[in-house]
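> Below are the features I grabbed from TrEMBL:
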type	residues	note
DOMAIN	47-232	domain 'Dihydroorotase catalytic'
BINDING	His54, His56, Asp146, Asp299	Zn(2+) 1 binding site
BINDING	His56, Phe57, Arg58, Asn88, Asn272, His303, Phe317, Gly318	substrate binding site
BINDING	Asp146, His173, His226	Zn(2+) 2 binding site
ACT_SITE	Asp299	active site
Amino acid sequence: MKTLIKHVVIDNQCQDILIIDGKIAKVARGIETPVDDLINAHGATAMPGLIDVHVHFREPGLTYKETIATGSAAAARGGFTTVLAMPNVKPVVDTAEKMKSQVALNAENGLVKVLQYGALSEDLVGVGPADLQAMASAGAAAFSNDGHGVQDAQTMLSAMQAAKAADRVISAHLEDDTLIQGGVMNAGPSADKLGLPGMTGLSESTQLARDLVMAQATGVRYHVAHISTKESVAQVRLAKQMGLNVTAEVSPHHLFLDDSMIITDDPMFKMNPPLRSKEDRQALIGGLLDGTIDMIATDHAPHSPEEKSGSMHDCSFGIVGLETAFPLAYTRFVKSGLVDLETLLTWMVKNPKEAFDLDQAGLLAVGDAADITLVDLVHPYEINPKDFASKGENTPFAGEEVYGKVLKTFVDGQVVYQAKKE
Ligand SMILES: NC(=O)N[C@@H](CC(=O)O)C(=O)O
Ligand SMILES: [Zn+2]
Ligand SMILES: [Zn+2]
């Protein structure tokens, strides 16, 4: 099967991309050859398919929020071709058997490449690590207890030793439960003004300090999920200077929002970790720019309209992100002139691929998988959750004007998303 995509822009140059049997065969100007499928991109920008190392697809067990089909359709619509799904589904993916069936379910229903995290402990809250080696053999791409911090140090230490032996990354959701105090947003002036219970960043940074000491002792590949405080950024910076095998991700919402923007009790601003202070947000942007933070990951966390209504007091934690991440990041970081597109793609493709050893994800080089996203960087549009392919419409970014609309997404040379004609 041969596909030719004519007239794309790559690094400001007009190019054509020839795909043979799902792989990039040639990238050059003016390719002329007989093909099965000829696509005219009309000057759209071509990028390697984006990678998101942190999504929640809710299947099995919570499919009223999202399914692998709808979640991966949201990924494709957001320009993502490889995602790593968290294990906090029902039942939790915490054994080799559950891993095997989850990997099969992801392959069967995923429109994009859906890789799977295994849990670090039974049901995410158990003491004593799950059998990481068996889950790795059953296809676990990496490990995480996302949704819950690992409270017990010995459990984390044993999990790190097992992950090191299996050569897999541990992605840590950092949260010391004893320091949360029922908080629903960041502790500070905004929480005080709204009369809502606050939580400080100490629950994150204290657990990170514990983990970094053990990461050094074990040599595990340790990844910080949704980093949110300036203290955490400083610790990761130091750990990297000390030569630890550590990486970190930051979510678009922690980069582009902070708690000073929460002026009403609005469930769309409730997520874990919460939006922090302006200073924290600046430290996250600084950390991304200086390489302390390696990548952007969405923490796509769909919930039903009922679960995201009423007060922040009792609604669910989490917002969707797959369909807004690239346009928001492109608009705020590249369009604004802060960084170039290549740098953004380092954070959204190259670094996640390297940190998680994602051999299946392509970088637009000859021989790579033809995972390609075509985007319109010229015409602005408005984010409308009603257009989402995700079941979740829970986003604080509705109504934002952005650039970077995804026009077409290819996985292994197959079109998995195509924007509607306007
Ligand atoms: N981020 C969230 O607020 N929620 C996530 C869990 C998590 O990422 O910790 C979810 O599963 O809904
Ligand atoms: Zn988490
Ligand atoms: Zn998460």
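Yeah, the Cβs are placed from backbone N, Cα and C, and that goes for glycine too.
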> Write out, in the order they occur in the sequence, the residues of the chain not among Asp146, His173, His226 that have a C-beta within 8 Å of the mean position of the C-beta atoms of the recorded Zn(2+) 2 site.
His54, Met86, Ser144, Asn145, Gly147, Ser171, Ala172, Leu174, Ala225, Asn272, Asp299
> Which binding-site residues (His54, His56, Asn88, Asp146) fall within 10 Å of His173 (Zn(2+) 2 binding site) by Cα distance?
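Neighbours among binding-site residues, in sequence order: Asp146.
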> Tell me which binding-site residues (Asp146, His303, Phe317) have a Cβ under 6 A from ligand 2; sequence order is fine.
Asp146
> Using a 10 Å cut-off between Cα atoms, which of these binding-site residues sit near His54 (Zn(2+) 1 binding site): Asn88, His226, Asn272, His303, Phe317, Gly318?
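Checking Cα-Cα distances against His54 (Zn(2+) 1 binding site), the binding-site residues within 10 Å turn out to be His226.
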> Got a sec? Which of Phe57, Asn272, Phe317, the binding-site residues, have CB under 6 Å of any ligand 1 atom?
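Only Asn272, Phe317 meet the Cβ criterion.
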> Let me know how many other Cβ atoms fall within 10 Å of the Cβ of Asn272 (substrate binding site).
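That number is 21.
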> On the three-state reduction of DSSP, what should I expect for His54 (Zn(2+) 1 binding site)?
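DSSP assigns His54 (Zn(2+) 1 binding site) to strand.
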> Starting from His226 (Zn(2+) 2 binding site), work out which of the binding-site residues listed here (His56, Asn272, Asp299, Phe317, Gly318) have their Cα within 10 Å, and give them in sequence order.
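So the list is Asn272, Asp299.
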> Near ligand 3, which of the binding-site residues Phe57, His303, Gly318 are found, taking a Cβ distance under 6 A to any of its atoms?
none
> Restricting to the chain of Phe317 (substrate binding site) and a gap of 6 or more, list residues whose Cβ falls under 8 Å of its Cβ, or answer none.
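Set apart from Phe317 (substrate binding site) by at least 6 residues yet with Cβ under 8 Å, we have Lys270, Met271, Asn272, Ala301.
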> Tell me the Cβ neighbour count for Asp146 (Zn(2+) 1 binding site), meaning other Cβ atoms within 10 Å of its Cβ, over all protein chains shown.
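For Asp146 (Zn(2+) 1 binding site), the count of other Cβ atoms within 10 Å is 24.
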> In the same chain, which residues outside the set His54, His56, Asp146, Asp299 have their CB within 8 A of the centroid of the CB atoms that define the Zn(2+) 1 site?
Val55, Met86, Gly147, His173, Ala225, His226, Ala297, Thr298, His300, Ala301
